[in-house]
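Per Swiss-Prot, Mg(2+) binding site is recorded for Asp798. Swiss-Prot lists Cys1125, Cys1128, Cys1143, Cys1146 with the feature Zn(2+) binding site. The zinc finger annotation in Swiss-Prot covers 1125-1146.
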Amino acid sequence: MYDDEDEMVNDPMDGDYIDDSDEISAEAWQEACWVVISAYFDEKGLVRQQLDSFDEFVQMNVQRIVEDSPPVELQSENQHLGTDMENPAKFSLKFNQIYLSKPTHWEKDGAPMPMMPNEARLRNLTYASPLYVDITKVVTRDDSATEKVYDKVFVGKVPVMLRSSYCMLSNMTDRDLTELNECPLDPGGYFVINGSEKVLIAQEKMATNTVYVFSMKDGKYAFKTECRSCLENSSRPTSTMWVNMLARGGGGGKKTAMGQRIIGILPYIKQEIPIMIVFRALGFVSDRDILGHIIYDFNDPEMMEMVKPSLDEAFVIQEQNVALNFIGARGAKPGVTREQRIKYAREILQKELLPHVGVSEHCETKKAFFIGYMVHRLLLAALGRRELDDRDHIGNKRLDLAGPLLAFLFRSLFRNLLKEMRMTAQKYINKNDDFALDVCVKTSTITRGLTYSLATGNWGDQKKAHQSRAGVSQVLNRLTYTATLSHLRRANSPIGREGKLAKPRQLHNTQWGMVCPAETPEGQAVGLVKNLALMAYISVGSLPEPILEFLEEWSMENLEEVSPSAIADATKIFVNGAWVGIHREPDQLMTTLKKLRRQMDIIVSEVSMVRDIRDREIRIYTDAGRVCRPLLIVENQKLALKKRHIDQLKEAADEANKYTWSDLVGGGVVELIDSMEEETSMIAMMPEDLRSGGYCDTHTHCEIHPAMILGVCASIIPFPDHNQSPRNTYQSAMGKQAMGVYTTNFHVRMDTLAHVLYYPQKPLVTTRSMEYLRFNELPAGINAIVAILSYSGYNQEDSVIMNNSAIDRGLFRSVFYRSYRDNEANLDNANEELIEKPTREKCSGMRHSLYDKLDEDGIISPGMRVSGDDVIIGKTVALPDIDDDLDASGKKYPKRDASTFLRSSETGIVDQVMLSLNSDGNKFVKIRMRSVRLPQIGDKFASRHGQKGTMGIMYRQEDMPFTAEGLTPDIIINPHAVPSRMTIGHLIECLQGKLSANKGEIGDATPFNDTVNVQKISGLLCEYGYHLRGNEVMYNGHTGKKLTTQIFFGPTYYQRLKHMVDDKIHSRARGPIQMMNRQPMEGRARDGGLRFGEMERDCQISHGATQFLRERLFEVSDPYHVYVCNNCGLIVVANLRTNSFECKACRNKTQVSAVRIPYACKLLFQELMSMSIAPRLMVKPRQSKRSKHQSEA
């Protein structure tokens, strides 16, 4: 049945003979688009971009890196004798096929065990798979070669991304996952490194191999063309070439009369080279020849005029060798012969200049054409015929995901491995003329390198940590399920956070549908940290070879065979930035290319093809990191998506050979479009726009649903299109801090911190996108009954009044888990660690805490109630036997206490204790403590519209206002919270929620949905006998009198946020002080003081409150006594026991004064003295009161 239908889809005559009954009506569209979206998420999920990228890395990149590495070639060098050996043995090692097995853990006894992710989390292991490679060893002795193949040599471990195809959990059913203690809803897409979950954040960068023209505001250059060229999957760093046009009068000197010259900046060459000299160095000598490569049409006087100054400048140099010498002299180190300089210049032109065009011999023509194209673009921009490029256009950006990031790392680590291998093998060869392979492969290089970067987030070599990028790998946010999803779809721009540039932070038009417009952090990173929109996908990259072969067949003319004059009328073709040829029939070519892509034949669906008709260019991109999104294909103003597709998707839920998203892509119904191609498409917002008589009759695509422009966090907001935009941004940040159920297996996990809400509810008012975020299964909030009124004044300034009785029934009650961990580290035999119960007889340094809560094995037992500073894990460290380790009492202790204590500010119950062995085979404990958190005054709550507030007071139900029906609100918020913030969505949500509660079905609040509006909701509410705008008559709870106004009243979804008073309350009278300056410590965790800062000081000075000032800044901070010599004013040596003083500077022992200054001041004086600056304290003799009176008299 399906086969003939598929043929119908692919039939080009499609639109003509199928009758209109198969079209989707406007009413059915509301459902149809969600069927398509569901098909997308069923197949792709929300973290597909991470998983695909990692799979690409393992399946393709690793193999490519290993194969591309040159063989290790060695020969025995005679060490001591001066004579050379006649024919030393030659050795060569070549790497072939690689293998990655399932994640494995080797126990200390050496037995390999398959490892599950949860075991890795609990035991602080790294979830990694061993990597094996086949090595061929060729030994040549006396002209006879012997070859030996070593199968599957272990070279290191590669961390595995959860749920990728190499993970144990891939393709498991929910039942299997549950048996493994994994959450079936967990999306994967992260790594487990030493027991902690790490995400790789996508890194934004400018696209390589593309020509950009920028104008320079006020510099030496008027325009600058750059091409950052980089060979696909090679280890070479990018080499950038610039072609710049000097500003008028720029470049100084007498040449200004000549006009604007064009110069090139080549890699490894210190000075700028006139562009004509570069052409001559490439072997194009005559002026006409060069101009042909730059200006394709000689009948263009303006452009000819622009290049004239450059021709005049290079007039002196006419042959290729002179030009090469000119370039070589400006790069090579001085004092080399002319031949060497020419050779050096040739080498640079071949290998370093524009490597993506070619690095082999005889690429001169291609390179000349490409440089000519760069100059041509520069001239077009200078003449104002083509607009400048936009740095912030998302099509000019690439996102590096796990794949490219890990490939970059693996490439350098593998190179190091080869280096170490060569050195070790050379040693063995010199000693005994042969070597064993397994001794030379240092497996820890790759293992440690990958683990280090993923664990710390410093992306690059450990030794050069300061140059590497920081924060590439982050600990996965596990506060709420939403926070987890959002973290896995984040992208980061590596621009300094300090820069005040507004441009890169602004929302760019091209980000529509690719980047969420609401979800970005507030503060310094605003706009630099982005989140992907729901249906955005990032290309993993494919090989350009099939496309190049196809173009060859389809009459593309190669640059080597083209005469420059032919280029003017033809269309240039670029593949991944490299100019590969020209074509005479661009229209036909594009149609064929698109058709092939829609049939997924030769061309992969994620390849993008752009035809720039005005500039006569066709650009084809197959590289990784382009952001793209699916759109519905429109042909002849009709959707390619028909009713039958929808029916097939609907009924496919249970069949084995079901109709899926891939079939839609393969059937030419939807396609992936990146933002470059989007610019050349005409996209309808809704299928209604395709009706005839619209403002456009050449639509090429149609949006699936406009709500898909939002990201994970913004998709939870009901009616976001009725809120002021910053409010949606605030909610996107707060939704990540709401409490809920963050994963269904939280009881078997040992997370450092975890909050779980007691009775989470799914919202009464939902958006359609929520079902893909699993918000209904793992919600983070409660439908509270909310009244908006000012009642008693305890809800001013964004505070809320809560119903105490509702809290007693469990409203917003949550449980808080915190884990503590410790292990016996065996550093060396001298100080051996033991987990045991410390005793006061044997241990020094024991605190005044309760050690008796510990069991005999030194670990507290589950169910114990613990409070601040109690011991949870007893641990002792053996002290080495030295005699000077005596205590003040003169007692010698064999051990020192190293126990773990509960945080001083917390109380709770020991929930779970886990004993295990860690990766080193040492004993290892994790203890989870739980405490119940009731909502209390000062805790933070928020609705889903950025309306956050703290609890101001709790009233019993009797004191709350009530409606005529006898309903009392759970929460009362202040009316002043709404008007100035314009969160109308909040009010509509309340109205819709009221209707839903009456109607008994979930309300729809999907954005950009015109079918739901206030008029309709109000009309339906009226039918249930309520006021049409949701107002109700209420009675004062204290007096029973009717309130004079009607109150807006109904259910609203509220979230409890993680900021709780119990975690913040802090005060200090006396406490610990810092070693260095003897001032109080900082921070609540260290029982620190509250800083009386510069601004506070300035206020007290302006008050003139000197005694208070002295007390704060001196008496209660760091008072100190110093003794000062009266003669020279320097600090003297004082011995208070014998009461003897001596000034070392002037040998004075009697004239000494005691001075009280802050200890920090004393420290400053001594630091100044160490720099040979003498701060002298000049002291006056203190007058007695009597002498004072006499002097006044």
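Every residue, even glycine, has its Cβ placed from backbone N, Cα and C.
Annotated features taken from Swiss-Prot, shown on the structure.
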residue: Asp798; record: Mg(2+) binding site; Cβ contacts under 8 Å, 6 or more apart: Gln947, Lys948, Gly949, Thr950, Asn974, Ala977
residue: Cys1125; record: Zn(2+) binding site; Cβ contacts under 8 Å, 6 or more apart: Ile1131, Val1132, Cys1143, Ala1145, Cys1146, Asn1148, Gln1151, Val1152
residue: Cys1128; record: Zn(2+) binding site; Cβ contacts under 8 Å, 6 or more apart: Cys1143, Ala1145, Cys1146, Asn1148, Arg1176
Open item on the list: Fewest other C-beta atoms within 10 angstroms of its own C-beta: which of the binding-site residues Cys1143, Cys1146 fits that?
Closed with: Cys1146
Task: Coarse DSSP state, helix versus strand versus coil, of Asp798 (Mg(2+) binding site) - done: coil
Task: Number of helical, extended and coil residues in the zinc finger (1125-1146), per DSSP - done: 0 helix, 9 strand, 13 coil
Open item on the list: Around the Zn(2+) site formed by Cys1125, Cys1128, Cys1143, Cys1146, list the extra residues of the same chain whose Cβ is within 8 Å of the site's Cβ centroid.
Closed with: Asn1126, Asn1127, Gly1129, Leu1130, Val1132, Lys1144, Ala1145, Arg1147, Asn1148, Gln1151
TODO: Grab the pLDDT values for the zinc finger (1125-1146) and give me their mean, rounded.
DONE: 92
